[in-house]
Amino acid sequence: MEKWELAKEIYNTSRLTGTFKLRSGQVSNQYFDKYLFESNPVLLLEIAKQLKELIPPDTEVLAGLEMGGIPVATALSLQTGIPVVFVRKEAKKYGTCKLAEGVNIAGKNVCVVEDVITTGGQILLSTKDLRELGAKVYHVLGVIERTKKGREKLLEDGLQLYSLFTMDELIEGEKQHAKS
């Protein structure tokens with residue numbers, strides 16, 4: 001599938017209109033319901049195939065952020081053979097009591113995986129937690145970059161963002177290929 005075709009499929013599958021409050025507190029008249037593209041096996045597989053080309057070569061572990069980054073990170077792991085950890089927003093109070101479930105990340109080059117990036121707030125919190133566990137985190141992969149604000153905040157923390165699509169690319173791709 002060509003990149004523009006994937007953009008069109010994500011757009012058509014996931015775009016909802018109305019009034020939506022985002023996690024950041026911002027209000028938007030459109031919403032990309034990430035679970036609609038993440039729960040579609042054909043789209044998720046194609047996203048992983050295209051996103052894997054953006055993985056930095058020194059990556060030893062992929063870190064999927066709860067909840068939206070987990071399916072994307074898992075699909076990437078299946079495509080690349082790179083181990084994956086699942087990063088909770090906070091550690092459980094029972095069982096293993098871990099924040100990052102999966103392989104040991106201490107001393108490893110970890111690439112954070114997220115589905116949609118708006119302000120970067122959750123990525124920054126999770127990156128801090130991963131670094132406290134000994135991970136070396138310098139890179140973030142995302143499927144959709146909603147605004148440049150998130151990228152700027154990540155750069156301030158020494159994180160390079162590699163996104164498959166910006167919101168503008170999704171919208172423009174749909175307009176250009178609406179008749180396809």
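Including glycine, each Cβ sits where the backbone N, Cα and C put it.
Going by what TrEMBL states, the 5-phospho-alpha-D-ribose 1-diphosphate site holds Arg88, Lys89, Lys92, Glu114, Asp115, Val116, Ile117, Thr118, Thr119, Gly120, Gly121, Gln122, and the candidate of Arg15, Arg23 recorded there is Arg23. The Cα of Arg146 (orotate binding site) lies closest to that of Thr118, out of the binding-site residues Arg23, Glu114, Thr118. Mean per-residue pLDDT, taken over the domain 'Phosphoribosyltransferase' (47-149), amounts to 95. Here Val116 (5-phospho-alpha-D-ribose 1-diphosphate binding site) comes close to Phe32, Lys34, Gly68, Gly142, Val143, Ile144, Arg146: these same-chain residues lie at least six apart in sequence, with C-beta atoms under 8 angstroms from its C-beta.
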